[in-house]
Amino acid sequence: MDLERGGPGKESKRKESWRAVLTLAYQSLGVVYGDLSISPLYVFRSTFAEDIHHSETNEEIYGVLSFIFWTLTLVPLLKYVFIVLKADDNGEGGTFALYSLLCRHARVSSLPNSQSADQELSEYKTDRFETDPKKGLRLGLKSTLEKHRVLQRFLLVLALIGTCMVIGDGVLTPAISVFSAVSGLELSMAKEQHKYLELPAACIILIGLFALQHYGTHRVGHLFAPIILAWLLCISAIGVYNILHWNRHVYEALSPYYMWKFLKKTQRNGWLSLGGILLCITGSEAMFADLGHFSQLSIKIAFTSLVYPSLILAYMGQAAYLSQHHMMDNKRNIGFYISVPETLRWPVLVIAILAAVVGSQAIITGTFSIIKQCSSLGCFPKVKIVHTSSKIHGQIYIPEINWFLMILCLAVTIGFQDTRRLGNASGLAVITVMLVTTCLMSLVIVLVWERSLFLAIGFVFFFGTIEALYFCASLVKFLEGAWVPIALACSFLVVMYVWHYGTLKKYEFDFQNKVSINWLLSLGSSLGIVRVRGIGLIHTELVSGIPAIFSHFVTNLPAFHQVLVFICIKSVPVPHVKPDERFLIGRIGPREYRIYRCIVRYGYRDVHTDDMEFEKDLVCSIAEFIRSGKEDAKEDTSKEDDMTVVGTCSSSTRHVQLCEDPESRASTESLSDPSQPSEIRSSPPLPVTVTAQPRKKRVRFIVPESPQIDRNAQEELRELMEAREGGVAYILGNSYVRAKKGSSLLKKMAINYGYDFLRRNSRGPSYPLNVPHASTLEVGMIYDV
């Protein structure tokens, strides 16, 4: 009977699991495959735009179809679906996910404030594959990367180049997608009328697309998947119709023989036309970049069962139609819409425009996400990030970047006004990102998966050769539009590298000029200054030692708060940090000084809390640190090894909880005599309550059932409560960074002008964004780096 009962239960769980996977696969259509699915709109048109022409022998059509088939099979299907998707960073994907993996398995990280305690994070550890018995080559490669700073910088620049090209694709993809979709109007009106309507219609759609970004993807997200599903079914049905009606033997063109025949006939012009064929895989990188929102299995199922066959049928259908229609006006009559039956052109036009909007939406959202990752890892200036969904952390909106992308997108659309040059630009951006992924993946194979070095070389040689062929074909079209992604990438790369260089130099200055603990101890327990009520939060980038800004502050204003917290908010090379591992707490100096160090750790995809909940979590974490008594007062507690991991108050019910009564004339019957110290009442199973003297705003710590707290800890908790009632003040360093005398001209330009301009026009630390200006105190310093 038990076996009979267990059978259906397991079966139902299996059905629920498959139902969840299929649901994710369906949802991925609108997010992951929007860009890839709309490529049939412009691939044939871009390919035959200039370099080759459609002849009656059909060798060009068959050759292009063969290239498209094998490119879709080898790159998206073989490379991404079966190999690259396995290189996830705890479920996250993208260029920075690969870079993050490499940083954790070799000391090549660009983050200067890394700690050994970060390696104890649960997500820091990754599952290893079977170890290759030949470890010598792997260890040699690892030591080489760790020894040479030039290689580490090259690795960082390589990751930044891939990131910059993704941002450039965020400009070009909406332009070519919408412009190609609107171009269907040319078959329904005169050519003179069409050229005056196509450009304004594309610009209006683009403006509307970017204007709606602040509403968030979740508002219209439920419409995305049905639109792409309808589009895929539409193009596959039209493809089947064209195959059956015009040329049932078009499948023969899938043979690689036709690729050789194509290149033999067209020679140099055929090689140049590969830049247009390349557009058939635009959006393939999204399968890996958007991995964090879906599962590997759901993405594989959606691509192999629907997207891939639909695209192959669509391209075969276009080739079948064109093989029976040899027209002289290639530019006008070799596009997608000419192969659509005339009675269906208007409905298909509407679906195509909607699909283009969805595909553009996906790449814009992806651009926001990757800029957030760059900002978290110190490679992009701080920008305003608006979270448009309370349930899905990845749905964000960056106003400054949104309007900047819109201006650039409109500029390239108005400037080019044709899919040929837009295709040349988009193709170079796409293939560059893929080349970067191939290079980083080869290192992942050796350092992370611990596979043979020869396997990594084989991976680079096979896929790198294919992508290098397309890259060279695209780069030749530099003057015909390919210069745009290069110009965009160079601009963003300069901004990113200058910001990262300035941030690194600033941290090195802070580290070299930090105040020793002996200086603090020499001041005595009173510190020789006045202690005022409240909590003072001093923001610093240092994870150890006392920043120079503190001595500067004390010198100019010999008074600070009764509880002082040196707080460092830093990102670690993992996608997410669990709430119970968020805080690292330690003391600076003896217990009676009431000075603490708090390091708040976020992953590069985590949501930074910037409201009052952050203050509450911070105070509770310090209270839990005091209650736990894991660390006694030491003469030198500034070492990172002396710090204790403490979670947020919401991560565990066994942590100290903070209760704040609203401002009112609260009754004090439950309190002790005001002239006496606060009481600690312990009457299990009721919780232990530490109560401060009545103030305008009463604060209470609810301490879980635990062994008796010693008197020193009670006094420390009481003083922490009083300080919390007094309020929290943020002490920020407003530093002016300049290059030292005698520095090179390039360094002076980067620091004195580039970094200074970016710093003055970017946001400060993320946690005090909602704090009133009255609670913020800025301390100015000049840094000579």
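If you go along the chain as it appears here, the first residue is 1 and each next one adds 1.
Cβ atoms are placed via backbone N, Cα and C, with glycine included.
Look at TrEMBL and you will find 665-681 tagged as compositional bias 'Polar residues'.
The feature domain 'K+ potassium transporter integral membrane' is assigned by TrEMBL to 24-521.
Per TrEMBL, domain 'K+ potassium transporter C-terminal' is recorded for 534-783.
The region 'Disordered' annotation in TrEMBL covers 654-689.
Here TrEMBL flags 21-41 (among others) as transmembrane segment.
Per TrEMBL, transmembrane segment is recorded for 61-82 (among others).
Annotated transmembrane segment per TrEMBL: 154-179 (among others), in sequence order.
TrEMBL lists 223-244 (among others) with the feature transmembrane segment.
Using a Cβ-Cβ cut-off under 8 Å and counting only residues 6 or more beyond its ends in the same chain, the transmembrane segment (270-289) has close neighbours at 31-37, 39-40, 42-49, 51-52, 60, 63-64, 67-68, 71-72, 75-76, 80-81, 84-85, 93-95, 97, 166, 169, 173, 262-263, 299, 303, 311, 315, 359, 362-363, 366, 369-370, 420, 423-424, 426-428, 430-431, 433-434, 437, 469-470, 473-474, 476-477, 482. According to TrEMBL, the transmembrane segment annotation covers 270-289 (among others).
Sequence annotations record features per position, and here TrEMBL assigns transmembrane segment to 301-321 (among others).
Sequence-remote contacts of a segment are chain residues at least 6 beyond its ends whose Cβ falls under 8 Å from one of its Cβ atoms, and for the transmembrane segment (346-371) they are 30-32, 34-38, 41, 94-96, 163, 166-167, 169-170, 173-174, 177-178, 180-182, 184-185, 188, 205-206, 209-210, 213, 217, 224, 227-228, 230-231, 234, 238, 283, 286, 289-290, 336-337, 340, 380, 383, 394-398, 401-402, 405, 605. Sequence annotations record features per position, and here TrEMBL assigns transmembrane segment to 346-371 (among others).
The annotation transmembrane segment is assigned in TrEMBL to 392-416 (among others).
Residues of the same chain lying 6 or more positions beyond the ends of the transmembrane segment (428-448) and with a Cβ under 8 Å from any Cβ of it are 75, 79, 83-84, 87, 95, 98-99, 101-102, 105-106, 126, 128, 137-138, 141-142, 155, 158-159, 161-162, 165-166, 168-169, 172, 275, 278-279, 281-282, 284-285, 288, 455-457, 459-460, 463-464, 467-468, 470-471, 474-475, 477, 482, 485-486, 489. Per TrEMBL, the feature transmembrane segment maps to 428-448 (among others).
If you look up TrEMBL, you'll see 453-476 (among others) marked as transmembrane segment.
According to TrEMBL, the transmembrane segment annotation covers 482-499 (among others).
Where the transmembrane segment (392-416) meets the stretches 61-82, 154-179, 453-476, the count of C-beta pairs under 8 angstroms peaks at 154-179. Ranked by Cβ pairs under 8 Å to the transmembrane segment (301-321), the stretches 21-41, 61-82, 453-476 are led by 21-41. Remote same-chain partners of the transmembrane segment (453-476), defined as residues 6 or more beyond its termini with a Cβ less than 8 Å from a stretch Cβ, comprise 71, 74-75, 79, 83, 134, 137-138, 141, 271-275, 277-278, 424, 427-428, 431-432, 434-435, 438-439, 441-443, 445-446, 482.
The transmembrane segment (21-41) is not in contact with the transmembrane segment (482-499), judged by fewer than 3 CB-CB distances under 8 Å for residue pairs 6 or more apart in sequence.
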